[in-house]
Amino acid sequence: MPVSSEQVKSLIIQSCYFLFGVLCISTRSGYSYAPAVLLLMSLPLLFRKQTYQILDRNGWLLFAILLIYPLVHGLSILTDGGTIKEFDRPSKVIMGAAILLFCLRNPPRFKWLMLGIATGAITAGSRALFDRLVTGYGRAFEWMVPIQGGDISMTLGLLSLCGVMWSIKTANKGLIVYFALASILGVLGSILSGSRGGWVLFPVILFVIYRIFKDWFSPKVKLGMGLALCLLVAFCLTPQSGVPTRIAAAKSDISLYLSGQNKNTSLGHRFEIWKSSVDSFLEKPLFGWGYHGVRQSQEQQYKQGLITKEAYDFNSHAHNQFLDEMAKRGIIGLGALLALLLIPLYLFKQYLNQSFTPETRTLAAAGVIVVLSTIDYSLSQAFLYHSSGIVFYCASIIFLYSAVRSQQPINGKSLL
């Protein structure tokens, strides 16, 4: 039987959705390959009027913020006297708007997307084990930014946990094991990376997952989840996990900073940068200083003895996405960032305000988890400042939104 061009096209598209999760952090820049292919496929559609008819009210909301966020960054770069190179990361969000139009017309199939995420979590955890046990790195993902790798691995693991819930509901025993393994290895990747910021809201996110899926749990499932959580905690307490060492280091850093004995520790360095960012924001609260202009503010602070030399020399970001936006782009930039996070959260929660098929609830829950985990990481890292963070976040919400919108709703009760 001959294969049509449409079937080939569909296979390529679904393969991109699958490979997005698989390649995310298994290789350098792996997070960008699948979105790049989808972007190329979307280009011919951008110049057709009917392309935009796929956008309903919610679709326009998401499409608009994917344009507004980079627009704010572009204006900031322009007024700050920056170069076109500085627009590299924001431009990826604009590309996301084009990909959204394509994905809404060619939405991911549930299993292709979720199994790709699970396979990516398994790959991430396995790579983390290889980095620590074979290569001998002090932290997993040292070949990229360890914090970014650990955070993305954590997200893949949490999304795989949503896959576990779906497998339980649909009584798919084989996939229960696969998604469970993926969930464990994804979280393990974060632990082995030593990225403490990824653990801050971890209990909160687990509680959110429980709230969403609680009516799917039998007593046996609850017991199994409790045992799994106990095993995870037990592993984290072992010296081999590196967690006790990182916690002890954090306590020491805080103590040394508060006593004034040493402000140049890992956390002390962050505290100094956060303080600097707040002071810069208070000086120019509306539009901020800009990427280059903020150095003037930091120089003044250093000369006045308000920040350490190490904090001044760290000419990059504030190790907090929200404070970084406030210092560089003021309330306008912070508003754009919050919209980029909260609008997708609002859209996904709408699907949780009704009872849907198991697939729809799982996809909507996954979307909520992507946003919450990104907020978590952004508290101690400028997660979206890095190409890996902004591409992973935008692609994830676009793929999940396109998939969940393609499902058929059945009215029901609120889940959150």
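We number each residue from 1, going along the chain as drawn.
For all residues, glycine too, the Cβ spot is worked out from N, Cα and C.
A TrEMBL annotation is a machine prediction, not a hand-curated record.
Here is what TrEMBL says about this protein:
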- 30-47: transmembrane segment (TRANSMEM)
- 59-78: transmembrane segment (TRANSMEM)
- 112-130: transmembrane segment (TRANSMEM)
- 175-192: transmembrane segment (TRANSMEM)
- 182-337: domain 'O-antigen ligase-related' (DOMAIN)
- 198-213: transmembrane segment (TRANSMEM)
- 330-348: transmembrane segment (TRANSMEM)
- 383-404: transmembrane segment (TRANSMEM)
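Within the same chain, the transmembrane segment (30-47) stays apart from the transmembrane segment (330-348): fewer than three Cβ pairs sit under 8 Å, each pair at least 6 residues apart. The average pLDDT computed for the domain 'O-antigen ligase-related' (182-337) is 83. The list of residues near the transmembrane segment (112-130) in space but at least 6 beyond its ends in sequence, with Cβ under 8 angstroms from a Cβ of it, reads 14-15, 17-26, 140-141, 149-150, 152-153, 156-157, 159-160, 162-163, 166, 178-179, 181-189, 192-193, 362-363, 366, 399-400, 403.
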